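Per TrEMBL, these features apply:
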| type | residues | note |
| --- | --- | --- |
| REGION | 1-123 | region 'Disordered' |
| COMPBIAS | 15-25 | compositional bias 'Basic and acidic residues' |
| DOMAIN | 135-186 | domain 'Amino acid permease N-terminal' |
| REGION | 187-206 | region 'Disordered' |
| COMPBIAS | 193-206 | compositional bias 'Low complexity' |
| DOMAIN | 223-724 | domain 'Amino acid permease/ SLC12A' |
| TRANSMEM | 224-244 | transmembrane segment |
| TRANSMEM | 250-276 | transmembrane segment |
| TRANSMEM | 297-321 | transmembrane segment |
| TRANSMEM | 341-360 | transmembrane segment |
| TRANSMEM | 369-390 | transmembrane segment |
| TRANSMEM | 420-442 | transmembrane segment |
| TRANSMEM | 454-474 | transmembrane segment |
| TRANSMEM | 531-554 | transmembrane segment |
| TRANSMEM | 587-607 | transmembrane segment |
| TRANSMEM | 613-631 | transmembrane segment |
| TRANSMEM | 643-662 | transmembrane segment |
| TRANSMEM | 668-683 | transmembrane segment |
| DOMAIN | 733-1149 | domain 'SLC12A transporter C-terminal' |
| REGION | 905-937 | region 'Disordered' |
Amino acid sequence: MEGKQQLSPPGPAAGEERRAEEGKDAAGGGALGKPLGPTPSQSRFQVDLVAEGAGRSAEEPRKGSGEGGVAGKGSEEAKGRFRVNFVDPSAGDDSPGEPGGGSSEGGNVSFQNGGDTVLSEGSLHSGGHHHYYYDTHTNTYYLRTFGHNTMDAVPRIDHYRQTAADLGEKLIRPSLAELHDELDKEPFEDGYANGEEGTPAGEAAATYTPDSKGVVKFGWIKGVLVRCMLNIWGVMLFIRLSWIVGQAGIGLSVLVIGMATVVTSITGLSTSAIATNGFVRGGGAYYLISRSLGPEFGGAIGLIFAFANAVAVAMYVVGFAETVVELLKENGTLMIDEMNDIRIIGAITVVILLGISVAGMEWEAKAQIVLLVILILAIGDFVIGTFIPLDNKKPKGFFGYKAEIFTENFGPDFRDGETFFSVFAIFFPAATGILAGANISGDLADPQSAIPKGTLLAILITTLVYVGIAVSVGSCVVRDATGNVNNTIVTELTNCTSAACNLNYDFSSCQTGCQYGLMNNFQVMSMVSGFAPLITAGIFSATLSSALASLVSAPKIFQALCKDNIYPGFQMFAKGYGKNNEPLRGYLLTFLIALGFILIAELNVIAPIISNFFLASYALINFSVFHASLAKSPGWRPAFKYYNMWISLVGAILCCIVMFVINWWAALLTYVIVLGLYIYVTYKKPDVNWGSSTQALTYLNALQHSIRLSGVEDHVKNFRPQCLIMTGAPNARPALLHLVHAFTKNVGLMICGHVHMGPRRQAMKELSTDLAKYQRWLIKNKMKAFYAPVHAEDLRDGGQYLMQAAGLGRMRPNTLVVGFKKNWRQGDMRDVETYINLFHDAFDVQYGVVVIRLKEGLDISHLQGQEELLSSQEKSPCAKDIIVKVDYSKKAETDTCIAFAPSSSERTPTLHKEEDEDGKTPTQPLLKKDSKSPSSPLNLADQRLLDASTQFQKKQGKSNIDVWWLFDDGGLTLLIPYLLTTKKKWKDCKIRVFIGGKINRIDHDRRAMATLLSKFRIDFSDIMVLGDINTKPKKENIAAFEEMIEPFRLHEDDKEQEVADKMKEDEPWRITDNELELYKTKTYRQIRLNELLKEHSSTANIIVMSLPVARKGAVSSALYMAWLEALSKDLPPILLVRGNHQSVLTFYS
């Protein structure tokens, strides 16, 4: 089996199976997403029976290098086994492939990652040839599983991976075509087993293979719990908590802490729910929100959250610098003055923190643990201190645990204009920081279990500590104290009102203001503690750890945001460095933002904005959970069950309320920024599809409304023209599309029908690719329409399928729109028979029919090329010209997809494309001369055709829409022009109505029609009654008509009866002499009407006219086609309309 690749049997341990990575070439470290050697058509998927002992040399046991264990190749008998391989005809060398083996050319990397199976990046580079290696997960495995041979794959995690997954390779399960199609056919021609591979994004992602050595992943304690506790315990704990107890009292302080905890706990539960609903990558809050609510909300929050984290670094560093400057001031060693000292110390600190962060996550995590230890020691120091009341501390207000003090401090005592909410606003930032663990989700070994455990436990521990300290400080320290030893009361007072008085201290002089006590001294905790410097160390630790956590979070979030390319300008920050993919550029940007704010050194203004940014993120995380639950998407199934959609909604509302409580103008500013970014991202429409809950809810709403609608009976007032347009490929007949779109846009349904004919297998493949391609084209060109392709033996069958099955419930077409078959006389008359039968079929199923004719024609596909549309992954937005060479030598027998071509005598010619990009809209003239291209400049007819195809995209100006309402079809002939005039491009056009009448009753008929139109509330500029419709047409016009139909006549009077009957049976479209005589009056009427149309309406922008109806089986196709030709030739654009004779207009309210 030369030039082929044999599948390797699995290694000894079932859990450590070797997997070769498809479509990659590990030689030289390069990795490719596509097979290089064979072209798609050369590469054939084969299942060969392997003879006994075949390929024995290739199956010698080999040692695979691997950190996670050695998995050698088994040497099982190959008796009667299937071998699945790609034949590479281009391989000239005879060396057998070496999949997964220790090939000398390529690095063979195996690694174990997060408890995953061992992966083998086997070299697929063998003997200088690229083999596209396809793994059906080693047949012998299936042999063992089921006891018989099967190519079908058993369920396995690797089939569900995304290509870019870091944890392991994506395996492709055999596609349905490989299992189902006949063996001699090609199951797939494009070299890929299913549509998931081969997209540019897939290839780009596939090229990055992480090196497991040295990648640092954290568990739930080190990664989440420690981080969250450090971030939540900020400087508030040591400096502000005692003051809050003084102002609000113990009772309300506990309420303040409880309220903050409710908000953070609900958010913690919501975060846990989202984090356990699938694999979480790096990007924290941004990743969670964007993948749940879509790129609009995600992009807005990602930018704000990353910025808030960057500014938070500055806030924490300034808090640290202030404490240092306070110490310097006490010792009288200030460098310059307070403000500048804060700037200098802050700048030095942030540089050191940057150094720790850049040194790597491992260093940063070690620093965090050291800081946590200091923080816990400081808290312990305070608790111990409360039990040892020293006499020298009593004048400062600290007496140890006393019931009197607890009772006195239980109630509030707001001073200096503070209120409950202002105190809450000051405390709340101390509760934020719960996302510190989630923000580094990419660096966690198992984010799904780590984020819920770590976050919720951190909230619980920190809340208990806050409450404990609030209660103990409130039980030990009085609100006001002088600090003066001489204020002891020697004589017993009987009328004591304060606790201090009961404890023999008189602090009554504090009405004028003291320096000590809960209200006046921010350093109460230092004073109470057993060893004061340890509290200072605790303050340093709290501020620095929070600063460090924010300094790490901001770049990680920003990197994730940039990788998704939602804001193209920030693309450069997506690059990561080193084994851990560290965002060094992001670190630098965060450092500069932080430094800028440190230099301001006044953060009282910035702090509330940051709190609001964090709260906006919390609100959206809560809302995400509510939204995802509401959308009932089958993909929403979090492993964490302790959440409730309504509680999440309450959490979101609470977050919004708290934003206003903290600072109303900052809240408004946040809303404006989020809204602005949301609108920007919505407008930009980033090309991403994350299966967001917004998508799911859109579907659910559409489904529910469709079902509700189908329970409502139709009413004439609500009639809408719902059009099924037989366009073929939508970009082939732009004029047809734009004209119908003009009267259906935002009014009715528009479905573009496309009948594929030819070999079924080929057509099925085209059907699936065309569906995505053309629907995308319609959206890109702002067409509010659906694309519906079908495969049928001929056009008539396809039309019937579409008329019967297109649409859903009440949203079904009721009008068939076709283009006029312009070159019908030169083509095969069987096509004309099919075309006319479409009209009969439409009337049979109660459809109205509209035929649109432009004298230049409609079909521009031979000029323009059916260019390929933008694939979903296309990155370059630039327009490209398309060079098309048309080859008329290959006729319909080679063309498998024949577009429905009413305006073309021949079937669509085969097109050779030099460039397949939908860079331009289909209606622009896009043939350009090229030195290499033999294409010539357009001839005059083609140029006119191109110009005509764009005419309905332009503003129509002040001209007329002429309505020839000759027969009452229920009013569709009148409704369509009215709907046209409601659109912006047509609003200046006036409707002129032409009706038939008798010469002696012209005034009466005009008045009757004017009354009817005014009752219908349809504006018109003129009504003309034609009394001379039944006048005989001009002789030359009759002669021209007879000449036109001559080739299609049967002339049965000149032939023998049998010959004539046989001919009529074989060619039913032929016109009999009897038929021509019978319908002479009707024929003359069509010719006469054409004369009148030229006389009255030759300057109209568009003519809408009643379509003549031919009785089925009585009028031959050729005669009917001749009538339409005679009626509509040499005129402005004309719509021949016939409703289904049920009223579509009413004058009743």
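Backbone N, Cα and C atoms are what each Cβ position is placed from, and that goes for glycine too.
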Legend entry - Best-contacting stretch, by C-beta pairs under 8 Å, relative to the transmembrane segment (224-244) and drawn from 250-276, 420-442, 531-554, 613-631, 668-683: 420-442
Legend entry - Leading contact stretch, 297-321, 341-360, 369-390, 668-683 vs the transmembrane segment (613-631) - CB distance under 8 Å: 297-321
Legend entry - Tertiary contacts of the transmembrane segment (668-683), as residues 6+ beyond its ends and Cβ separation under 8 Å: 295-297, 299-301, 303-304, 566, 609, 612-613, 615-616, 659
Inset, instruction - Mark yes when the transmembrane segment (454-474) and the transmembrane segment (250-276) have three or more Cβ pairs under 8 Å (sequence separation 6 or more) and no when they do not. - result: yes
Legend entry - For the transmembrane segment (297-321), sequence-distant contacts whose Cβ falls under 8 Å of one of its Cβ atoms, 6 or more beyond its ends: 234-235, 283-287, 289-291, 341-343, 345-346, 349-350, 353, 439, 539-540, 543-544, 546-547, 550-551, 553-555, 557-558, 560-561, 564, 566-567, 589-590, 593-598, 600-601, 603, 606-607, 609-610, 613-614, 616-617, 620, 624, 670, 673-675, 677-678, 681, 686
Inset, instruction - For the transmembrane segment (643-662) and the transmembrane segment (341-360), check the count of CB pairs under 8 Å (sequence separation 6 or more) and say whether it reaches 3 or more. - result: no
Legend entry - Outside the transmembrane segment (420-442), six or more residues from its ends: residues with CB under 8 Å to it: 218, 223-225, 227-228, 230-234, 236-237, 240-241, 244, 247-248, 252, 256-257, 259-261, 263-264, 267-268, 271, 275, 280-285, 287-288, 309, 361, 412, 414, 450-451, 454-455, 458-459, 462, 466, 546, 549, 552-553, 556-557, 560, 581, 607-608, 610-611, 614-615, 617-618, 658, 661-663
Legend entry - Intrachain neighbours beyond the transmembrane segment (341-360), with Cβ under 8 angstroms and 6 or more residues off its ends: 216, 313-314, 317-318, 320-322, 324-325, 328, 334-335, 367, 544, 547-548, 551-552, 578, 580, 582, 584, 587, 591, 594-595, 598-599, 601
Legend entry - For the transmembrane segment (454-474), sequence-distant contacts whose Cβ falls under 8 Å of one of its Cβ atoms, 6 or more beyond its ends: 220-221, 223-225, 227-229, 232-233, 237, 241-242, 244-245, 249-250, 253-254, 257, 261, 264-265, 268-269, 271-272, 379, 382-383, 386, 401, 405-406, 409-410, 430-431, 434-435, 437-438, 518, 524-525, 528
